[in-house]
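Only one structure is covered here, and it is reproduced in the block below.
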Amino acid sequence: YSQFLLSGNLHGGSVVASYPYDDSPTHKPTGVYSKSADDEVFKYLAKAYASHHPIMRTGKPNCPGEEGETFPEGITNGAQWYDVEGGMQDYNYVWADCFEITLELSCCKYPLTSELEQEWENNRESLLSFIEKVHIGVKGFVRDAVTKAGLENATIVVAGIAHNITAGKYGDYHRLLVPGTYNVTAVVMGYAPLTRENIEVKEGDATEVDFFLQPTVMAPAPNLTQLTATPAPASTIASTVVQAEAPSPTPLHQPVQPVDFRHHHFSDMEIFLRRYANEYPNITRLYSAGKSVELRELYVMEISDNPGVHEAGEPEFKYIGNMHGNEVVGRELLLNLIEYLCKNFGTDPEVTDLVRSTRIHIMPSMNPDGYEKSQEGDRGGTVGRNNSNNYDLNRNFPDQFFQVADPPQPETLAVMSWLKTYPFVLSANLHGGSLVVNYPYDDDEQGMAIYSKSPDDAVFQQLALSYSKENKKMYQGSPCKDMYPNEYFPHGITNGAQWYNVPGGMQDWNYLNTNCFEVTIELGCVKYPNAEELPKYWEQNRRSLLQFMKQVHRGVWGFVLDAMDGRGILNATISVAEINHPVTTYKDGDYWRLLVQGNYKITASARGYNPVTKTVAVDSEGAVQVNFTLKRTDAKVEEGKVPVLNTPDTSDPNEKEFETLIKDLSAENGVERLLLSSSGKVSPYRYRPYKDLSEFLRGLYLNYPHITNLSSLGQSVEFRQIWSLEISNKPNQSEPEEPKIRFVAGIHGNAPVGTELLLTLAEFLCMNYKKNTAVTKLVDRTRIVIVPSLNPDGREVAQERGCTSKIGQTNAHGRDLDTDFTGTREPETRAMENLISKRDFSLSVALDGGSLLVTYPYDKPVQTVENKETLKHLASVYANNHPSMHLGQPGCPNKSDENIPGGVIRGSEWHSHLGSMKDFSVTFGHCPEITVYTSCCYFPSAGQLPGLWAEHRRSLLSMLVEVHKGVHGFVQDKSGKAISKAVIVLNEDLRICTKEGGYFHVLLAPGLHNINAIADGYQQKHMQVLVRHDAPSSVFIVFDMENKIFGLPRELVVTVAGASMSALVLTACIIWCVCSIKSNRHKDGFHRLRQHHDDYEDEIRMMSTGSKKSLLSHEFQDETDTEEETLYSSKH
């Protein structure tokens, strides 16, 4: 684009030059002078035009109907004349560094042709004079004092004027100023600011002032610059990059050593990382794990032959540096390591093998804020050690022995979330201040400096030695004799707690809460050495860094597979006998267990499967692959056996193909790959008021009639339509076998971001139908209903950039619709309730604003939440696909310290209220609903919409994938008749009904779930189903016995029959007793009879009870006791 400096916007209707601002904060219709920071400049420019116009300069346009209107000197402040919201001249000034005024040229807006010549004569001199003013002020270049290169986007600050401008691509700038004397400052990140004082600006051409800024980072050491003094020609560079990404190893190759030895401040480090990500795209991926207190990115460089993807069976490794901001050697070594791995991949066999067999993650700085405060030459100080909130990050993790009192810090939370995201196996945390490898545990129960042994003490010692052995000085064990003369570490390693007690340390949290084994490496006695010493540190640690990474390939690894379908089992447990530290499998069933040499009994177990134990011999080198195949348990529930079901084998290739698609989209970056392969890039760029929204939806319906159906759910209070757009391959037909998902936005009119996201999602799906295979299959197999604006009346009065404003939150009756799904019903609520009450949705996603998190039911305060794990799982799927939501730090201005673990929380624990839409959906619609809060600002500026779409699109699409998981079922009797309205009871608490055709679908968290199927006239069925994280599970239920005898319910008939038989037996016994009395009338008979009567009474009582039991048992011998008992328990 062109960087405009001066502009005139030509209008008609009066004769005056109007200048910013055009509106005021109060928006009073007229009479408010709204002054900009450059008010003097704008008046100067307006006078330049008006003074040369014969009518304008009089200040009396004398327009018909406004004869009394006057403008002193022919100029006016825009808002003082009349308030104009959203005017172009203000936008130019505020957003584009361009000074614009509005010129009203004649009273008549559309004058006769015969008058145009006179208008030209009136305005000619004014137009030319105004153009000349583009040359006033001060101009020049902002350059690097060392290289003399222009500095793009430098900020130009004029003292006393609160409006800065930015330099152009070549460091060129031009600042309009009226004649006078000024102090001007040039500012660029990574450079020391420079102020030029007493610059005199005269009438006419601009005063030229150049700025030469000194870099705040040091240049490379002189003895190394000769290696890169002569730049390679472009062709050589290009071929080198290509060679670095797909070359073949060269025998006897000498690896290329790093040359970039200097201290990298944040901007310098950022550029370094971007440079290597750009030059080596086939083996690198730069991403952020979160943000620091001061919002610096916690950058991570991934290095792998398949970056961005977890390859099944390939272990993941990480290095973290600069946790303490003033301990900088680790930061620089990790940057050196990135350079070394990138430059040597494909040419050095060791590096090539390591990158091809390992997914490597490198975080050079966990505490970038502290680093910026620290000082070169610091030997043992603490300035910059802590983060910007002054907390020690290595005392900030949850501890096994002590309660950590300090609040969790953004950096800590980000790293914890990062460690839960990737299946790390091995890690090292690089520190400074000594020279030793420190291994868990870091503290003990007594808080004393004694050896605190972990279950894997032998493994940790081996890991620590693998590093120290390659560092000669470290291995000697007496590192800092001048600073700590009595300190001695045999072979350069130590147990953490034995050295000194560290509660809240990161390495222990890794070991106790993830599958990752981490050690802490102290790299040198001086915390912030001078830059010229950095090459020495690289040389001392180069071999250690590589050898330690190789340890990730020690012990055992393999897969835990399902015997039925051969798929990997997620979260299966790998236990080693006599070592109390199990690890768990990742998504493909892959696991890694670090072990020292020896023989082990290793057991693989998973819920719903029979465990398998194997004896394994581990060698001193390399890892042994051990796979486990587990058979599903025929789980017993009380006394009855229950079948365990999963997806049945199907010969339908389309089903298999779609199942594969869901599995692929569920994989890491699966949805991201869909987005990359999609066509027709769409992105919201403006807000659509009701009229535009309606036209947009009609446009989608008219352009894509075969996959869309537009309907109205009802009308708002002010009679606006509440639109519903269905997207499906058969939008006007009933397809009960397909899952149905609902997206709703705009329940609060002051939070319209969700509306724009859903409109963009709708266009994305339509544009990619029949263009993108994955999108086409999702649309073909899903019924998608989008309700973009539930509160159109509130939306019409809401105001853009109202970040905290409640204007428009309620409907036209002043009712918050998210509290109206009970009691009094507003028309908007009734319309939505009618849709929800159809009970044919599997999932609902509601979009709101005001924070950055996801809530799940209930919003009302309740003691227990049925199906809580599933509801929380669905919310987590959305949050985990968002780049920052899962970090749990919304960072909203009025709640900057708010911490939401995983970005997910139950609604009542966040903002408890009654009558919410999600509670109604769960209770009456039998549909789980989550509420997504899209951003801290309710109504952010339209300029933020593209960024918000980029952040949320992956999460929105992940919901279309997730709705296909859980349990899909079909219920029929043994004659093949489909049974609709059968009741499906899940885990004793969740109830749904089968739809038309006997179909049902319910989303459940991964794991084993109990199912009871109940239908009127049939004996209930009880089974278990295993739900996978990456595939749907199908259940085929056949009621094989009609539950009626003589047209009456089986339970009633059996009960009556049992009671009747008992009565008959009792009567027979009484008759027999009476007969016995009559036939035995002897002298002593009375006593005998009484004795016999007592004995028989007991016996009859026992017979009577026994006969009931035996009859009931006999009657139900074809069914399981479990089924009968489950029926009753499900009614409690």
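Don't overthink the numbers, they just go from 1 along the chain as shown.
Cβ atoms are placed via backbone N, Cα and C, with glycine included.
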Taking 811-833, 1087-1109, 1110-1132 as the choices, which stretch does TrEMBL tie to region 'Disordered'?
-> 1110-1132
Whole-Å Cα distance, E104 (active site, proton donor/acceptor) to E522 (active site, proton donor/acceptor), is 72
Within 10 Å, the Cβ with the most other Cβ atoms among the active-site residues E104, E522 is that of E522
The domain 'Peptidase M14' (1-134): DSSP-derived helix, strand, coil residue counts = 53 helix, 25 strand, 56 coil
Could you tell me what the rest of the chain brings near the compositional bias 'Basic and acidic residues' (370-379), counting residues at least six beyond its ends with Cβ under 8 Å?
-> 263, 265-266, 322, 324-326, 328, 331, 385-388, 483, 525-531
Just give the helix, strand and coil counts over the region 'Disordered' (365-390), going by DSSP.
-> 6 helix, 0 strand, 20 coil
Taken over the domain 'Peptidase M14' (262-552), the model's mean pLDDT = 93
